[in-house]
Amino acid sequence: MGHVERPAAGPSRVSLVVVGVAIVLIATNLRPAITALSPLLPQAQAETGFSAGVIGLLTTVPMVVFAILSGWVPGIGRRVGLEVAIAASMVLLVVGFLLRLAPSGFALFGGTVVVSVAISVGNVLLPTLVKRDHPRRVGLMTGLYTMGLNIGPALAAGLTIPLQEVTGVGWRGALALWAVLAGIGLLCWVPVLRRRPRATAAGTAARRSMRAMLREPLAWAVTVYFALLFLVFYTVSAWLPKILVDAGLGAATAGTMLSAISVVAIPFALLSPILAGRTRSQVWLSTLGTGLLLAGFLGVLLSPLNGTLLWMVLLGIGQGVTTGVCFVLIVLRSPDAERAAQLAAMTQTVGYVLAAGGPWLVGALHDLLDSWTGPLVLLIALVFVQLSTGLIAGRDRQVGSTTTKEFG
């Protein structure tokens with residue numbers, strides 16, 4: 001029989017700080033296992049002998065795993081408890097990192113599957129925990145979560161190669177070094193694990209089928225918003241340096257420009273959920289974020305070599321704002337923790353299926369047209385669709401009802 005968990009009553013200021021730090025560290029661990037691999041792919045291909053197509057699957061495997069597993073994660077959280085499931089995911093993350101140390105291409109893929117399973121759990125259950133334990137601090141706690149999501153890629157992009165060069169451990173060792181961060185995250189999660197609430201028997205409402213969520217138009221609006229956000233994110237991560245290099249920018253500078261987006265996004269990923277949590281409607285904030293993305297992409301399309309840093313700043317602010325809005329919508333549009341888990345699972349199941357096809361579609365369109373104009377126009381059109389879905393998802397409603405409570 002499944003169970004729900006009663007939130008602990010009246011957390012102290014000290015315990016809130018402990019939980020906040022733990023959330024940041026867990027969230028920071030949800031991306032380096034994937035993003036740290038990108039700069040190491042040429043070395044991995046040279047050693048394993050895999051073709052470019054096969055080695056490229058390493059960046060697709062995580063999104064496939066997210067899509068397959070996310071729908072099952074709420075049930076896991078109900079069965080073992082949110083805190084226990086998140087702690088287990090950090091242990092699994094360390095195991096996956098260490099598995100990729102083995103001198104085998106198949107171990108590389110196997111380890112990638114393992115870390116992807118671990119990340120799936122955190123992706124779904126951290127927003128659920130925020131909804132359950134901090135309904136009046138949704139903005140702050142979600143902001144800490146989304147800030148961590150942006151810190152992780154920035155650290156991985158900026159430190160993986162330097163760590164490899166300083167330690168001399170090789171590309172496998174450079175990947176495995178990120179297990180240290182996962183271990184730190186696990187240690188910081190122990191106090192949260194020890195104060196986990198006691199479980200009580202769940203009623204029928206707590207075990208609502210995902211089918212009910214799939215019939216919710218509002219849930220689909222949030223899901224499409226999430227899907228387009230991450231489709232654009234993964235496509236930019238894959239192709240923006242190439243777009244800038246083909247326009248005439250140096251390869252090193254193009255890589256720096258991509259890193260700048262993640263760095264600029266960090267404070268806005270923290271601030272936007274806090275602002276969103278203080279207002280009934282998040283339409284204005286979603287529109288602001290997508291508007292900045294549109295301005296950044298238009299700049300890259302029309303003048304890639306003049307004002308490049310400005311375009312990256314606009315894209316970074318837009319990414320931070322829309323990421324924060326996206327995750328806080330999952331919490332604010334859900335009346336309880338159970339449906340927050342279901343909505344998180346739905347958004348990520350559908351979202352990552354679409355996101356996985358983004359880099360491939362843009363690459364294929366470039367090959368067809370022999371130009372980046374068409375792909376950039378496509379990205380701009382997708383951001384327009386994201387803006388439109390934000391007008392629906394950002395309205396003051398919750399799934400299963402027509403009214404929404406305000407969360408401070």
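Glycine too: its Cβ is placed from the backbone N, Cα and C atoms.
Automated prediction, rather than curation, is the source of TrEMBL annotations.
The transmembrane segment annotation in TrEMBL covers 12-30 (among others). Note on the transmembrane segment (12-30): residues 86, 90, 93, 119, 122-123, 126, 130, 133-134, 137, 140-141, 144-149, 151-152, 155, 181-182, 184-185, 188-189, 191-192, 195 of its chain, located 6 or more positions outside it, place their CB under 8 angstroms from a CB of the stretch.
Annotated domain 'Major facilitator superfamily (MFS) profile' per TrEMBL: 15-398, in sequence order.
Beyond its flanks by at least six residues, the transmembrane segment (50-73) meets 33-34, 37-38, 41, 44, 85, 105, 108-109, 112-113, 115-117, 119-121, 123-125, 210, 234, 238, 341, 344-346, 348-350, 352-353, 355-356, 359 of its own chain at Cβ-Cβ distances under 8 Å. According to TrEMBL, the feature transmembrane segment maps to 50-73 (among others).
The transmembrane segment annotation in TrEMBL covers 80-99 (among others).
Among residues of the same chain six or more beyond the transmembrane segment (105-126), those with a C-beta under 8 A of the stretch's C-beta atoms are 23, 26-27, 29-31, 33-34, 37, 44, 48-50, 57-58, 61-62, 65-66, 69-70, 73-74, 76-77, 82, 85-86, 88-90, 92-93, 95-99, 145, 172, 341, 344-345, 348. Here TrEMBL flags 105-126 (among others) as transmembrane segment.
Here TrEMBL flags 138-163 (among others) as transmembrane segment.
Under the heading transmembrane segment, TrEMBL lists 169-190 (among others).
According to TrEMBL, the feature transmembrane segment maps to 217-236 (among others).
Sequence annotations record features per position, and here TrEMBL assigns transmembrane segment to 248-271 (among others).
Residues or ranges marked as transmembrane segment in TrEMBL: 283-303 (among others).
Marked as transmembrane segment by TrEMBL: 309-331 (among others). Here the transmembrane segment (309-331) has Cβ contacts under 8 Å with residues 127, 130-131, 138-139, 142-143, 145-146, 149-150, 222, 225-226, 229, 233, 236, 257-258, 260-273, 276-277, 282, 285-286, 288-297, 299-300, 303, 340, 343-344, 347, 386, 390, 393-394, 407 of the same chain, all six or more residues outside its ends.
What TrEMBL lists as transmembrane segment is 343-362 (among others).
The transmembrane segment annotation in TrEMBL covers 374-393 (among others). Under 8 Å from some Cβ of the transmembrane segment (374-393) lie the Cβ atoms of residues 217-218, 221-222, 224-225, 228-229, 231-232, 235-236, 239, 243, 282-283, 286-287, 289-291, 293-294, 297-298, 300-301, 322, 325, 329, 333, 361-362, 365-366, 368, all in the same chain and six or more residues away from its ends.
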Can the transmembrane segment (80-99) be said to touch the transmembrane segment (169-190) if we require at least 3 CB pairs below 8 Å and skip pairs under 6 apart in sequence?
yes
When you check the transmembrane segment (248-271) against the transmembrane segment (343-362), do you get at least 3 Cβ pairs under 8 Å, counting only pairs 6 or more apart in sequence?
no
